[in-house]
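Structure first, commentary second.
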Amino acid sequence: MPKTISVRVTTMDAELEFAIQPNTTGKQLFDQVVKTIGLREVWFFGLQYQDTKGFSTWLKLNKKVTAQDVRKESPLLFKFRAKFYPEDVSEELIQDITQRLFFLQVKEGILNDDIYCPPETAVLLASYAVQSKYGDFNKEVHKSGYLAGDKLLPQRVLEQHKLNKDQWEERIQVWHEEHRGMLREDAVLEYLKIAQDLEMYGVNYFSIKNKKGSELWLGVDALGLNIYEQNDRLTPKIGFPWSEIRNISFNDKKFVIKPIDKKAPDFVFYAPRLRINKRILALCMGNHELYMRRRKPDTIEVQQMKAQAREEKHQKQMERAMLENEKKKREMAEKEKEKIEREKEELMERLKQIEEQTKKAQQELEEQTRRALELEQERKRAQSEAEKLAKERQEAEEAKEALLQASRDQKKTQEQLALEMAELTARISQLEMARQKKESEAVEWQQKAQMVQEDLEKTRAELKTAMSTPHVAEPAENEQDEQDENGAEASADLRADAMAKDRSEEERTTEAEKNERVQKHLKALTSELANARDESKKTANDMIHAENMRLGRDKYKTLRQIRQGNTKQRIDEFESM
């Protein structure tokens, strides 16, 4: 039995290990990969490897893996990458896994600055990336520093602004919070809808020369071929849609494009190496095929995939709605529980206050009762003394009378009687004054006792009211994805039909233009970042982008402009560059 060969395939978010036979073809390996990851939209992807010269190359599906210029190492290393890009992610990318693989690849391109992205858009995209990773912002879970381990912005953007890590996190967090309620899958799609409007998105650039020998860039993308000046890869100067191209061929380093318009001359350019022309040819054929396919009705397979995706999305939305409903119920229950706890605490505090007031009133009552008793005793003592004095007065009166009588009876001398009389009279007067004083004191004590009695009755009434306040029971808690330098020429006819006249891409607008929410967010971010920007660190791309913005240009307005005039006029313009 032939010895198997170890293969490692790296997708954007996983590493896969396979054992293949020496006669395994590129397609067999590719099929094994897509089956393993559950991918059905296979037409966008390919397997990439580094050849023995160090060039990045796409694995040919119709040849054996071992017959291709793959570095002989163990295991053989491949990357599973998107080779072709859709025109409109929201219309063409059906499966969640397809969207996710594109999202991760595009995000990597933006973060590495392979795709130029202005600062304000970079921050907005970062917030969608965070939503796709973490879901809704939760202050209880997403504490300060929760984004510390994530690379979210291009290094260029970080260096151009006087903001530290925490300040960047604060800004991204604010926009993360804005996406509350958005499914992770929807955040991925929103990211791609904004990213696809970036000028360098989905473009394969090749260094070429025209007949004059001018150094230019050729851009191959989903919509056609575009020509760029050497110092500006953001703004194409001439464009040729796939619908205008009849045949593409190369002979060594010379590449020839024959337009459908037979009155127009051939579009000729030169690449630095034969392998470049081979790659351009392959990309042109693949992109043209997809361009034509998009302008025809969906195949049964695609229709089924879309139906299944709609059903899965609907199911997720239903599940999300149920989860949200349960979450709201749980939050309401928690709030109710907190409210009950709060009310319980308030009532317990009120009860404590009442108990303290009652205790204080009780103490006051006891004090007033004690004073009342003391006053009563004083009153009784004063009364007793008054009675005693009255008795003594009476006795004095009687003694006086007896003396008078005795005077009469015994006929004492006038001087003696007068003396005794005077003494008794003085004594009587003193006793009368003492009696009146004591009676006055008794009346005074009687009034004080009456006031104390009234205070006592009032305190008793307050105590009775306080004591009658019902005891508060504790509330119940709620439970609740070329190298061959031989074969120096190749040609491919690009078939066309009536559908090719569909150039609807020229009518497209950017996501920011049609989505008021995105427009508002980008405007706010532009204003917010302006104060922190270090103008001295602007790159050439920053200045080109700023000029395009000033002139009101965007990707699709530029596309319409560079396709104006007939094919001959645009080819003549290319030759004169």
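Every residue, even glycine, has its Cβ placed from backbone N, Cα and C.
Copied over from Swiss-Prot, here are the features:
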| type | residues | note |
| --- | --- | --- |
| DOMAIN | 2-295 | domain 'FERM' |
| MOD_RES | S74 | phosphoserine |
| MOD_RES | K79 | N6-acetyllysine |
| MOD_RES | K83 | N6-succinyllysine |
| MOD_RES | Y116 | phosphotyrosine |
| MOD_RES | C117 | S-nitrosocysteine |
| MOD_RES | K139 | N6-acetyllysine |
| MOD_RES | K165 | N6-acetyllysine |
| COMPBIAS | 375-401 | compositional bias 'Basic and acidic residues' |
| MOD_RES | S407 | phosphoserine |
| COMPBIAS | 476-487 | compositional bias 'Acidic residues' |
| COMPBIAS | 492-518 | compositional bias 'Basic and acidic residues' |
| MOD_RES | S527 | phosphoserine |
| MOD_RES | T558 | phosphothreonine |
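Overlay of Swiss-Prot feature records on the structure.
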{"residue": "S74", "record": "phosphoserine", "Cβ neighbours (10 Å)": "9"}
{"residue": "K79", "record": "N6-acetyllysine", "Cβ neighbours (10 Å)": "18"}
{"residue": "K83", "record": "N6-succinyllysine", "Cβ neighbours (10 Å)": "17"}
{"residue": "Y116", "record": "phosphotyrosine", "Cβ neighbours (10 Å)": "23"}
{"residue": "C117", "record": "S-nitrosocysteine", "Cβ neighbours (10 Å)": "27"}
{"residue": "K139", "record": "N6-acetyllysine", "Cβ neighbours (10 Å)": "9"}
{"residue": "K165", "record": "N6-acetyllysine", "Cβ neighbours (10 Å)": "11"}
{"residue": "S407", "record": "phosphoserine", "Cβ neighbours (10 Å)": "17"}
{"residue": "S527", "record": "phosphoserine", "Cβ neighbours (10 Å)": "10"}
{"residue": "T558", "record": "phosphothreonine", "Cβ neighbours (10 Å)": "19"}
Separation of alpha carbons, the residue listed as 'phosphotyrosine' and K83 (N6-succinyllysine) (Å): 19
Whole-number Å value for how far Y116 (phosphotyrosine) lies from K139 (N6-acetyllysine) (Cα to Cα): 33
Nearest-integer angstrom distance between the alpha carbons (Cα) of S527 (phosphoserine) and K79 (N6-acetyllysine): 40
Minimum Cα separation from C117 (S-nitrosocysteine), reported as the residue among modified residues S74, K79, K165, S407, T558 that achieves it: T558
Nearest-integer angstrom distance between the alpha carbons (Cα) of the residue listed as 'phosphothreonine' and Y116 (phosphotyrosine): 16
DSSP-derived structure type at K139 (N6-acetyllysine), helix or strand or else coil: coil
Mean predicted confidence [pLDDT] for the domain 'FERM' (2-295): 94
Cα separation, Y116 (phosphotyrosine) to K79 (N6-acetyllysine) (Å, whole number): 23
